[in-house]
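A.B. asks: Supplied in structure tokens, the structure appears directly below.
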Amino acid sequence: NYHVLLGQNNLSEDVQHRLVSQSFRHPDYKPFLMRNHTRKPKDYSNDLMLLHLSEPADITDGVKVIDLPTKEPKVGSTCLVSGWGSTNPSEWEFPDDLQCVNIHLLSNEKCIKAYKEKVTDLMLCAGELEGGKDTCRGDSGGPLICDGVLQGITSWGSVPCGEPNKPGIYTKLIKFTSWIKEVMKENP
């Protein structure tokens, strides 16, 4: 059993607590592929899990509904990422305040050149090529919001984070909206 805290921007804030009654990992998420006892390049496609809360969230100034994408995000868009992950690229250091930064949506070709792991059309590439602005260890599952729409979910990137020419990789939600809606419909 686990729970979520909704609307938290600082560790000392009083927020909404909700138990998670069920989780739904995407059925095609298979991060470790082995063939002939040899590890192949990791493929983190379909890196997505939905959580069903034991009771609905209260919509407030700090807890809002966000739109799912209805069209492809545009390369060059400025997007907001946030998370509670490490603030130190090389070590585990966690903040007392939710961290947010604006980054740019890049072509997937930039990430294909940067990584030996597979970058697929189920992913988005975002960051700053000069480095310094990135999600980091512990931020996975956080939002990538472009023009007020939830376009991606933080998936993976370089270690250490924030390296030049090593943008972050995000699950591309436009590819999963049918699955999301189906799971929500079947589990009201």
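Cβ from N, Cα, C; glycine included.
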A.B. asks: I want to verify the bond table. Which candidate from CYS100, CYS125 sits on the other end of the disulfide that Swiss-Prot records for CYS111?
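C.D. replies: Recorded disulfide partner of CYS111 in Swiss-Prot: CYS125.
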A.B. asks: Swiss-Prot annotation: CYS79 disulfide-bonded to which of CYS146, CYS161?
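C.D. replies: Between CYS79 and one of CYS146, CYS161, Swiss-Prot records a disulfide, namely with CYS146.
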A.B. asks: Regarding the disulphide bond with CYS136, report which of CYS100, CYS161 Swiss-Prot records as its partner.
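C.D. replies: Its disulfide partner, as Swiss-Prot records it, is CYS161.
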A.B. asks: Taking only same-chain residues 6+ apart in sequence, whose CB is under 8 Å from that of CYS146 (disulfide bond), what do you get?
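C.D. replies: Counting only residues 6 or more apart in sequence, the Cβ neighbours of CYS146 (disulfide bond) under 8 Å are PRO73, LYS74, SER77, THR78, CYS79, LEU80, LEU105, GLY152.
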A.B. asks: Measuring Cα to Cα, how many Å separate ASN10 (N-linked glycosylation site) from CYS136 (disulfide bond)?
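C.D. replies: Cα of ASN10 (N-linked glycosylation site) to Cα of CYS136 (disulfide bond) measures 18 Å after rounding.
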A.B. asks: Taking only the recorded positions CYS111, CYS125, SER140, which one has a CA atom nearest to the CA atom of ASP47 (active site, charge relay system)?
C.D. replies: SER140
A.B. asks: Far apart in sequence but close in space: which same-chain residues, 6 or more away, have a Cβ under 8 Å from CYS111 (disulfide bond)?
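C.D. replies: The list for CYS111 (disulfide bond) reads VAL119, MET123, CYS125, PRO167, ILE169, given in order along the sequence.
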